[in-house]
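The GTP binding site annotation in Swiss-Prot covers 12-19, 59-63, 122-125 and rests on sequence analysis. Marked as domain 'Era-type G' by Swiss-Prot on the basis of sequence analysis: 4-173. What Swiss-Prot lists as domain 'KH type-2' is 204-282. The annotation region 'G1' is assigned in Swiss-Prot to 12-19 on the grounds of sequence analysis. The annotation region 'G2' is assigned in Swiss-Prot to 38-42 on the grounds of sequence analysis. What Swiss-Prot records for 59-62 is region 'G3', and it gives sequence analysis as the kind of evidence. According to Swiss-Prot, the region 'G4' annotation covers 122-125.
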Amino acid sequence: MIKKYGIVAIVGKPNVGKSTLINAIMKKKVSIISNKPQTTRNAVKEIYEDDESAIIFTDTPGFHEPSNKLDLFLNHEIEISYKEANVILFVTTMDKELDANDFEIINLIKEANKENIILVISKAEMAKNQDQIDERIHFLKKHIAFKDVVQISALHVINIDKLINTIKNYLHKDVVTDYFRQKAEKEDKFVITEIIREQCLLNLNHEVPHGVGVEIDESKYNQEANHWIIKASIIIEKNSHKPIIIGQNGTMIKKISMGARKQLHEIYDCHISLTIFVKVENNWRDNNNIIKSLGYKIKK
């Protein structure tokens, strides 16, 4: 079937609403949302499809200075997203001032030499007035050429359809095959690990910030009973982090498990049995083998 087709990279500094935006577009939870930076690790790819178009949306990790091999992976994911994209959505949010991180992203867009750039004003409802938004747009236009500007509120699902229709103006017509759909489809394993990791980020505050990985040990689905049994492990870097994650009398690990189980039930509409263990892998973020085993690709 011939449709308007393209790859769209959603870029911007951490916590400007990229994950909320892609979730609003897809109308389901595919990218973890937290008020802490670096909550999106993999470049999340999801396919949006309607009668006239098929679009792969890529929600990129936030760019940051690398301090270990995992950080290098994260920045490599961003580079790939920019190169593959037919359209780039540069997201800026009205509840935060522009800073050096925004201009780092702008420089990356310029280096990628992309023409189809759409400025997305996120959390437009947080602006004092329209003049404040217009001032932001005018300032950014001095630094990079945007083809279009769309004001949205992803959380309240305002102007999401307008954004999708704007994107369609810059797509090309192509044959959309089953291979295309399979390539874009997210694996259940990724969704499970991201949701568990989100619960860690939400509940642990800054005690065990980002030295947390998640591994699926077992996944069995009983179709007749509509029952999914999942066993997973939270990977940490230090023994001293273990009692923090487990909590007194297991209260924290129980809280993480219950939060993840509730979200998985809402997404998959089945009974979820989730058991979470804690494993210590010293300095795992600098261990290529462990990074690969957790589903991350290493830049060669």
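Note: Cβ is positioned from N, Cα and C throughout, glycine not excepted.
These numbers come from a predicted model, not from an experiment.
Residues 12, 16-17, 20-21, 91-95, 133, 151-156, 158 of the same chain lie 6 or more positions beyond the ends of the region 'G4' (122-125) yet place their CB under 8 Å from a CB of it. In terms of DSSP helix, strand and coil, the region 'G1' (12-19) has 2 helix, 0 strand, 6 coil.
Ranked by how many other Cβ atoms sit within 10 Å of their Cβ, the binding-site residues Lys18, Ala124 place Ala124 at the bottom.
Most Cβ neighbours within 10 Å, among the binding-site residues Gly12, Asn15: Gly12 holds that distinction in the structure as shown.
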